[in-house]
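Copied over from Swiss-Prot, here are the features:
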type     : residues           : note
BINDING  : 377, 380, 383, 426 : [4Fe-4S] cluster 1 binding site
BINDING  : 387, 416, 419, 422 : [4Fe-4S] cluster 2 binding site
COMPBIAS : 605-615            : compositional bias 'Low complexity'
COMPBIAS : 637-647            : compositional bias 'Low complexity'
DOMAIN   : 369-397            : domain '4Fe-4S ferredoxin-type 1'
DOMAIN   : 407-436            : domain '4Fe-4S ferredoxin-type 2'
REGION   : 602-684            : region 'Disordered'
């Protein structure tokens, strides 16, 4: 009785939530044995037929290749691809591949020579004597990948499992409608499949090996039981037919009762799963020494005259396979790669067969039914009831449609296996899987961009750190290379620092003023007076320098001399016109006369010592002489008309006469020494003389018509005469400048 209970426990199966039961439609293709397809004339082999990066090319255009010869090198997760037949490489260019959008990927195009010659094959019949690493390396080198649809490199998967795998599951469920590739393979090649399972078990060394197969494959079940009759290490588990029981997480739960955690892998719970077709490919790679160059493909649908399962070479165009099966396309014919729930429509038939191609479905119009338009979601929750991954498809639909990537990620959209059960039961005909695929692609693109940004940030920070290190090292070198100061320099530096500290201490000391006392500002006043004295000395020195550097202007000197003479005459007139009650101090008068004579001599010396850098204009000199004579006559008339209230001082008169004679001689010398560089225009000279005579007559008439009662003030007359002379000279100078 205990053994019976143990047997029941050992063969127990579990059921997952959700799932659907669509029409199977498997009888169209599982009744005929596997057959070979004639070779196509041209093969297109994409470099990437698996999850991961493409390998490195090792052939060139024009090379001759044999069947099984590697076209790329696979390193790490990169998986190599091999030539499906012998021929010549005619091109290496992008070509549309097995993808919903038929994206162009780099491919090797081979023209077959029809001989189909193999490379030398080296099989390992004694694989049990080989190490685990050698077997994994051979499986990877021969390009074996998961043939159940994912395309994950088998060697990488086995390497990642390591020693923690307790259960090896062989997926033989093949739950999707129409597809019978694994069913037919188990019927025709059951012994080879079991041999491949034993190789995998030898590599992983699990505690148990389970084969999960649905109960709708009776012939395959009987063939496997016949092969496993004498084996006790492999258990065959027959499970109820339910879609999608062939999913990795679903089949793991059905056979073991263990659930794969969200975002995790089956290896996290000690389980590793491989497909039936993958086990067969492992057997051919290890024992037969044949790389994967072909696989079983189901050709089905009412538009195909001879449906069945064929051995299709990788790289064979889909059109070639369909034509060999009697393809009869309708007006709007649709060809689906994969099953009706998880497959995708091909945009054209030149797409090649790849490692993950398990079915080509060409349904008729009756099978497709009437096309139905997408309608709004009614929140019926039928999709949530059918979801085998326990997700909320209606919520994921809204998040995907609204570009709410964070919420979609939080609701575990990555756990969606894209089985299509939700879309199958949706009464609004919403293509939910299409939305989920697009959302996954957008999230993957965002993460890739974030990864690139993080890498760029890391590179930038590393560069900044390197620059900081180089800067610190450079400063350290400069510091170590600096010359140490001598003893006297150190003393000077110390003294300077002491002075600075003393000043700072003085500046920070508070000013205290006692009550009733006035602050002593004598030091500040003395310092200010010293600064003023220094400024005056500096200004005087600068003035002397400017006087020595600047050459005296003759015209300016003459003007200053005239002003000095006017001031002297003004003083003499003031003394002559002074009231008799106010006696003149002889000493003061003598001092003033001496000062006037000194100023006059100084001006005469400046005029005599000035270099004649500019030649005197004869016309200008003549005008000035005429103006001077007119002013002299005017002064004589004023003096003659003035009442002699006071007696004229003989000494002052003698001084004035001497000054007048000196000025007259000076003007005559200037006129005599002036070089006639330019000829005087007679007409202009006559005009100027006439103007001077007119002005003189006008002045005489004004003086004659003056009221005798109103006496002329001699001081005002002298000032007016001096101003007139200065203005006349200035006008003459301006005229000369304008003529030049």
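Placed from the backbone N, Cα and C atoms, the Cβ positions cover glycine too.
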Integer Cα-Cα distance in angstrom, residue 380 ([4Fe-4S] cluster 1 binding site) to residue 419 ([4Fe-4S] cluster 2 binding site): 19
Surrounding residues of the domain '4Fe-4S ferredoxin-type 2' (407-436) on its own chain - C-beta under 8 Å, 6+ positions past either end: 18-20, 22, 243-244, 247-250, 262-263, 341-342, 372-378, 380, 382-389, 391-393, 395-397, 399-401, 443
Using Cα positions only, nearest of the binding-site residues to residue 416 ([4Fe-4S] cluster 2 binding site) (377, 383, 426): 383
C-alpha spacing of residue 377 ([4Fe-4S] cluster 1 binding site) relative to residue 387 ([4Fe-4S] cluster 2 binding site), in angstrom: 16
Shell list ([4Fe-4S] cluster 1; ref centroid = CB of 377, 380, 383, 426; cutoff 8 A): 378, 379, 381, 382, 393, 394, 397, 422, 425, 427, 428, 430, 432
Tally of DSSP helical, extended and coil residues in the domain '4Fe-4S ferredoxin-type 1' (369-397): 10 helix, 0 strand, 19 coil
Between residue 419 ([4Fe-4S] cluster 2 binding site) and residue 383 ([4Fe-4S] cluster 1 binding site), the C-alpha gap once rounded to whole angstrom: 12
Largest tally of Cβ atoms lying within 10 Å of a Cβ, found at which of the binding-site residues 380, 419, 426: 419
Residues in the domain '4Fe-4S ferredoxin-type 2' (407-436) grouped by DSSP into helix, strand and remaining coil: 17 helix, 0 strand, 13 coil
Cβ-based isolation winner (fewest other Cβ atoms within 10 Å) among the binding-site residues 377, 387, 422: 377
Other same-chain residues whose Cβ falls within 8 Å of the Cβ centroid of 387, 416, 419, 422, the recorded [4Fe-4S] cluster 2 site, in sequence order: 18, 383, 386, 388, 389, 391, 393, 417, 418, 420, 421, 432, 433, 436
Residue 422 ([4Fe-4S] cluster 2 binding site) and residue 377 ([4Fe-4S] cluster 1 binding site), Cα-Cα, nearest whole angstrom: 12
Entry from the binding-site residues list 383, 416 having the most other CB atoms no farther than 10 A: 383
Averaged pLDDT, computed only over the residues in the domain '4Fe-4S ferredoxin-type 1' (369-397): 92
